[in-house]
Amino acid sequence: MLTLARQQQRQNIRWLLCLSVLMLLALLLSLCAGEQWISPGDWSTPRGELFVWQIRLPRTLAVLLVGAALAISGAVMQALFENPLAEPGLLGVSNGAGVGLIAAVLLGQGQLPNWALGLCAIAGALIITLILLRFARRHLSTSRLLLAGVALGIICSALMTWAIYFSTSVDLRQLMYWMMGGFGGVDWRQSWLMLALIPVLLWICCQSRPMNMLALGEISARQLGLPLWFWRNVLVAATGWMVGVSVALAGAIGFIGLVIPHILRLCGLTDHRVLLPGCALAGASALLLADVVARLALAAAELPIGVVTATLGAPVFIWLLLKAGR
């Protein structure tokens, strides 16, 4: 007779295997789907080399990594702030990256290359992260640090609104496209941004022990000997980096970091040894499928992926909000 622990372990393995298969199928669909359907047997043809390897593959890898980063960031923040409604934009890091990108667009008059825009977005996210770490060094409680992040996000949102109000029509088109999120401009030139995500993603997936302690609450984590101040600073910095790079790649994409971790917890994946890799797989799968919808929904244009995730995620967010209020 299997013990309860072994049964749970087998169930967790089955979940990870199912999520891995789902991600591989979503990856395959993303590479095949488009204006022209290209089956795997045609990938070695000249048409396949152009459309699949040069156009679709870099975009698909970017979608996969950003989806994984946003979902893991959501799981980290929900454990760190003991709030199931926490998500990557909550601390203002996404808006900070947006301010950096908008400043680059306006000051560069739309002439800066994509790599420079990416660096400015990362710089904006890291500046907000440094401000948050400054607050954290004052040993604020988690709730106060959360409120500080919300306030910073509101300030950054106001700055973006002012910038859009005073921008020209050409700049406004680029800014509005960024605010809705999209992978349309991603190619192999952004591979350095993709590589910048991988080490942090892998490192966080290996930090299940402190994450499990943090999920028990501040008091319990201290009693178990966890250096709370150190881990809070490190996790805030790692989240800021992942969100900044994600914004630099694709703009503002919401609800992935909110919905994916919560759904996996409802499915019984509460141990961060399973939850963190599960979030990476499920977040990548969800964003890959949303990207396919964004590409195929309209014949003559491509939907912003942020619109797709918001349309699908908003009802779930309302449901979570009502459930949390009971």
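Glycine residues also receive a Cβ, built from the backbone N, Cα and C atoms like all the rest.
Some features that Swiss-Prot has for this protein:
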type     : residues : note
TRANSMEM : 15-35    : transmembrane segment
TRANSMEM : 61-81    : transmembrane segment
TRANSMEM : 88-108   : transmembrane segment
TRANSMEM : 112-132  : transmembrane segment
TRANSMEM : 146-166  : transmembrane segment
TRANSMEM : 184-204  : transmembrane segment
TRANSMEM : 240-260  : transmembrane segment
TRANSMEM : 274-294  : transmembrane segment
TRANSMEM : 302-322  : transmembrane segment
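Of the two recorded stretches, the transmembrane segment (146-166) does not lie close to the transmembrane segment (184-204), with fewer than three CB pairs under 8 Å once pairs fewer than 6 apart in sequence are set aside. Between the transmembrane segment (61-81) and the listed ranges 88-108, 184-204, 274-294, 302-322, the one holding the most Cβ pairs under 8 Å is 274-294. Sequence-distant residue pairs (6 or more apart) of the transmembrane segment (274-294) and the transmembrane segment (88-108) include fewer than 3 whose Cβ atoms are under 8 Å, leaving the two stretches without contact. The stretch from 15-35, 184-204, 240-260, 302-322 that makes the most Cβ contacts under 8 Å with the transmembrane segment (112-132) is 240-260. Long-range contacts of the transmembrane segment (302-322) within the same chain: residues 63, 84-85, 177, 179-184, 250-256, 258-259, 262-263, 286-287, 290-291, 293-295, each at least 6 residues beyond the stretch ends and with a Cβ under 8 Å from a Cβ of the stretch.
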